[in-house]
Amino acid sequence: MSVPLILTILAGAATFIGAFLGVLGQKPSNRLLAFSLGFAAGIMLLISLMEMLPAALAAEGMSPVLGYGMFIFGLLGYFGLDRMLPHAHPQDLMQKSVQLLPKSIKRTAILLTLGISLHNFPEGIATFVTASSNLELGFGIALAVALHNIPEGLAVAGPVYAATGSKRTAILWAGISGLAEILGGVLAWLILGSMISPVVMAAIMAAVAGIMVALSVDELMPLAKEIDPNNNPSYGVLCGMSVMGFSLVLLQTAGIG
């Protein structure tokens with residue numbers, strides 16, 4: 001099994017961590033969840049804008065028009081898909097002050113699971129494609145996606161457990177969204193393999209960079225602010241950028257990057 005596929009599977013499996021936290025009642029503080037989302041956004045923004053997009057533009061045979069065009073395509077494509085999908089957000093189910101009937105919780109959890117699954121599928125493709133092109137960047141994206149997936153698993157499993165009383169059902173429902181990400185990676189592995197040209201890979205990387213920027217700005221940072229409105233998610237973003245930038249410098253200095 002390829003390393004990029006393993007990274008994608010591990011990132012998707014992080015959803016189960018959140019699911020177990022949801023059914024065990026060991027809910028992390030809102031401050032920690034918000035910081036982790038900001039941290040993930042910082043990692044994605046730095047990798048996308050400082051590594052992936054420049055690498056795609058520098059690829060042999062890649063034109064600036066195609067490179068920037070694919071970046072904008074990924075950016076706008078994410079926003080378009082995000083607007084079309086059923087929209088129930090994790091924070092809607094994580095607020096203890098909201099009292100919902102079991103039927104209402106079930107319905108909201110179904111919509112949330114569906115929406116998250118559809119969002120996670122392209123994230124799996126993005127993780128695999130990035131790791132296939134540059135393993136160093138793949139580790140960073142996998143870490144960011146994993147941090148993003150933990151609150152999602154928590155948000156689905158907690159309400160389902162409250163509605164059904166079944167820990168197994170709650171973990172299963174939460175796991176579906178993580179499996180969607182893994183399926184995305186498997187699909188990319190089966191279709192792309194090693195038979196893809198450098199220009200096509202660079203174009204895909206540029207589009208993935210656009211998707212990651214849109215995800216960070218439109219989903220992760222606003223979600224962090226809603227989960228913990230008393231603190232600025234920018235601290236997590238800056239910390240994520242700093243840690244990722246420092247780690248990239250260390251890897252490149254060691255000759256790994």
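Quick reminder: no glycine exception, Cβ is built from N, Cα and C everywhere.
From a predicted model like this one, the values you see are computed outputs, not experimental measurements.
What Swiss-Prot lists as transmembrane segment is 5-25 (among others).
Under the heading transmembrane segment, Swiss-Prot lists 32-52 (among others), citing sequence analysis as support. If one looks beyond the transmembrane segment (32-52) by at least 6 residues along the same chain, the residues whose Cβ comes under 8 Å of a Cβ in the stretch are 94, 130, 134, 137, 140-141, 143-145, 147-148, 150-151, 154, 205-206, 208-210, 212-213, 215-217, 220-221, 223-225, 227-228, 231, 233-245, 248.
Within the chain carrying the transmembrane segment (61-81), a Cβ under 8 angstroms from the stretch's Cβ atoms is held by residues 53, 118, 122, 198-199, 202-204, 206-211, 213-215, 218, all 6 or more beyond its ends. Swiss-Prot lists 61-81 (among others) with the feature transmembrane segment, giving sequence analysis as the kind of evidence.
As annotated by Swiss-Prot, transmembrane segment applies to 109-129 (among others), with the evidence given as sequence analysis.
Feature annotation from Swiss-Prot assigns Fe(2+) binding site to Asn120, Glu123, Asn149, Glu152, Glu181. The DSSP secondary structure for Asn120 (Fe(2+) binding site) is helix. Taking a C-beta cut-off of under 8 angstroms and a sequence separation of 6 or more, Asn120 (Fe(2+) binding site) has the following same-chain neighbours: Gly12, Asn149, Glu152, Ser177, Gly178, Ala180, Glu181, Gly184.
Residues or ranges marked as Zn(2+) binding site in Swiss-Prot (evidence: sequence analysis): Glu123, His148, Glu152. DSSP assigns His148 (Zn(2+) binding site) to a helix in the three-state reduction.
Remote same-chain partners of the transmembrane segment (137-157), defined as residues 6 or more beyond its termini with a Cβ less than 8 Å from a stretch Cβ, comprise 3-4, 7-8, 10-12, 14-23, 27-28, 33, 36-37, 39-41, 43-44, 47, 51-52, 55, 90-91, 93-94, 109, 112-113, 116, 120, 123, 126-127, 130-131, 170-171, 173-175, 177-178, 181, 212, 220, 223, 227, 240, 244, 247-248. Residues annotated as transmembrane segment in Swiss-Prot: 137-157 (among others).
Note on the transmembrane segment (171-191): residues 2, 4-5, 8-9, 11-16, 18-20, 22-23, 109, 113, 116-118, 120-129, 132, 145, 149, 152-154, 156-157, 160 of its chain, located 6 or more positions outside it, place their CB under 8 angstroms from a CB of the stretch. Summarising the annotation, Swiss-Prot assigns transmembrane segment to 171-191 (among others) and lists sequence analysis as the type of evidence.
Annotation comment: Swiss-Prot describes 195-215 (among others) as transmembrane segment. Within its own chain, the transmembrane segment (195-215) has Cβ neighbours under 8 Å at 44-45, 47-49, 52-53, 55-57, 59-62, 66-68, 70-79, 82, 122-123, 125-126, 129-130, 132-133, 141, counting only residues six or more beyond its boundaries.
Marked as transmembrane segment by Swiss-Prot: 236-256 (among others).
Highest Cβ count within 10 Å among the binding-site residues Glu152, Glu181: Glu181. A distance of 11 Å separates the Cα atom of His148 (Zn(2+) binding site) from that of Glu123 (Fe(2+) binding site). Sequence-distant neighbours of Glu123 (Fe(2+) binding site) (same chain, 6+ apart, CB under 8 A from its CB) are Ala11, Val145, Glu181, Gly184, Leu215.
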